[in-house]
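If you check TrEMBL, you get these features:
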type	residues	note
ACT_SITE	S316	active site, nucleophile
BINDING	H156, H265, E502, Y541	Zn(2+) binding site
DOMAIN	64-570	domain 'Neutral/alkaline non-lysosomal ceramidase N-terminal'
DOMAIN	573-736	domain 'Neutral/alkaline non-lysosomal ceramidase C-terminal'
TRANSMEM	15-37	transmembrane segment
Amino acid sequence: MCGKRHKCSFSRLEVVLIVFLVLMIAVTVALLVLHFLTQENSSSNDYDDPLPTQKPSNGVSGGYLLGAGRADCTGPVAEIPLMGYANPDQVGGGLLTRLYSRAFIVAEPDSSKRVVFVSIDIGMVSQRLRLEVLKKLKSKYGELYRQDNVILSGTHTHSGPGGYFQYTLFWITSKGLIKPSLDAIVKGIVKSIDIAHQNLKRGRLFINRGTVENSQINRSPYSYLQNPASEQSRYSSNTDKEMVMLKMVDENGHDLGLISWFAVHPVSMNNTNHLVNSDNVGYASLLFEQEKNKGMLPGEGSFVAAFASSNLGDVSPNTKGPFCVNTGESCDNPQSTCPVGGAAMCMAMGPGTDMFDSTRIIGQNIYSKAKELYANASQEITGPLSSAHQWVNMSDVQVELNATHTVKTCKPALGYSFAAGTIDGVGAFNFTQGSVEGDPFWDQIRDQLLGKPSNETKACHEPKPVLFSTGEMTKPHPWHPDIVDVQIATIGSLAIVAVPGEFTTMSGRRLREAVKFEFDSHGTAGMDVVIAGLCNVYTHYITTYEEYQVQRYEAASTIYGPHTLSAYLQLYRGLARAIATNTVQDLPSGPEPPFFNITSFTLVPAVVPDRTPVNKTFGDVLQEVRQHYRVGEVAEVTFVSANPRNSAENMTEHNFLTVETYVNGSGKWQVVRNDASWDTRFYWTKGSLGQSNATIEWHIPNGTEPGIYRIRYFGHYKKILMPINPFEGISSTFEITSL
């Protein structure tokens, strides 16, 4: 290190790091230049005329009007960075399961009040995404669905396409704002709400709770232990094991859908994965929907099952815990480091043999508990609907801790341990968790390239050593949001607290207690309070004040400073009080968030014209299936392919594959699997000069009927000065035997 010396020499590692840093800055500069060159007005509304507002009949005795809807929001599955691990090398290269938006509408019998809850198979809901959706809803439904009664919640899968943010920080690893990705999610959300709106019918709601075992660990137990011992003693675990399940049936008792809230990170699929998928909670949704929609393919059928996120901030599904991948010894220590290799070697895994198996096991556990709770749900939800919402400048909230002490939140900033990542996905350059001091080397590079944090910001965030002072970085747009949504919706005795980020276990417990206490104190006792995570705008993590002091990853990513949780407790108590006292109309709406004038700018390369090998056409088979397979084996075929982005960017919905069985007697082929099925995998391999291959795998599951099968592949190719054209390929037939 140089320190204060005038002359110094750098080690080889330091030179490499500096070069890498400069390359990152070059990428950022390229993004900014591209942004200014391509800036244009927002695109016009591309929806048809608004649907007529449904007018349900009045006078229903008890119950609600209920509607559920599901729509595809997958978007491009190739060449787009995946959102979650912030790993620029983790780009889409195919499809494991499709991503869906699942919408639920609850309306009072006279249709006077409504609540909409949408769970989306994406990393998180961005502010840009929410603003786009609200704009579309207003154009279709007027004031029926608004910012106060519509909750958008991301499941937090780390295996969905990115590129749907308007704040600069998220452009770096997502390579900008990617219009096909943003549009697919917006259209999917709006379509799912449309379907739920059209399906409204009289029905009843039931709630149930239960414990999910063997499906989670606390990935920052050292942070959790900083909370008061008296508080910890009130709980049997350092994670919330309770699942809350809301069951929906029509007036005749027929199943409509469910929403489950359970705290676990959907990171069973790790940061080496390149297949777009919905991870463990998405697999649970697929299992439940296939159970209820008998005879239907994934994505089909009227029953909708959402497994939504909750206070999952410090909760991992990798139940074997952290181990040094090079030595096998435990690295469950305050810094999550290994004796050899440091923090980069410390990773958590399990419970399965690989990430696919782990996803299946955790998803199965969650599904099984939800199935049990659904079957036994008997506590009915009744009562009026209400919703309260405010926009808040979270960079400047005055918080009254008690009668004599007032503190405030800070401008956004990320600490050193943010760069360390977690045991679910390690960071770069061997940064370590638990860093409460900066490093002169990195400080110097940051100051020269990005600007020096102000003394005010550094003091406000103590003991966090500021790595990136994002609240003071504004070019070409702010790097982090200041204006944040806070929202509560109540359905009878159920209060859904929509939070804009990832609350840790103890933060979530304090929030639920605070909201429940506020309702109890104002004549609305007995409320069931659930936290819906990653809603409306993404603001990273929210730790307790005590957890913040030791600055592991979650604390370093608590961007509004040590009093962030206290600010949220104050704000959500205010919303609960307004609902309980029927004074929601008196709440100030707060400062509206910005809608930046961006349509699309990205460093993702344009799709080049597709080409085939000599004497081949699109869809030709390059590697055939075998003639015979047994249950448990993998049928595999490779085709001459074209870029999958041709399909995603030019078709509303597209299926890349089907598995079909020959039906004796009818002489017809019947589809038994599609590309949303868990046991099919679509891999796309990019070659040179526009050539590419697609490999389709079918992992033949137990229970598969013996018979004759084939695999079909569907794509679209692009030629110079020609429209995009569809094509398909078909494998040879093969026989499956049970043993």
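Glycine is no exception: its Cβ is also placed from the backbone N, Cα and C atoms.
Taking the mean position of the Cβ atoms of H156, H265, E502, Y541 as the Zn(2+) site, the remaining same-chain residues with a Cβ inside 8 Å of that point are S309, L312, G313, V315, G501, G533, L534.
Within 10 Å of the C-beta of E502 (Zn(2+) binding site) we count 29 further C-beta atoms, all protein chains included. Cα-Cα distance from Y541 (Zn(2+) binding site) to the residue listed as 'active site, nucleophile': 14 Å (rounded to the nearest whole number). When pLDDT is averaged over the domain 'Neutral/alkaline non-lysosomal ceramidase C-terminal' (573-736), the result is 94. Its Cβ placed at the centre, Y541 (Zn(2+) binding site) has 23 other Cβ atoms within 10 Å. Here the Cβ of H265 (Zn(2+) binding site) has 27 other Cβ atoms within 10 Å, regardless of which shown protein chain they belong to. In this structure the alpha carbons, written CA, of E502 (Zn(2+) binding site) and S316 (active site, nucleophile) are 13 Å apart. Straight-line distance linking the Cα atoms of H265 (Zn(2+) binding site) and S316 (active site, nucleophile), rounded to a whole number, equals 5 Å.
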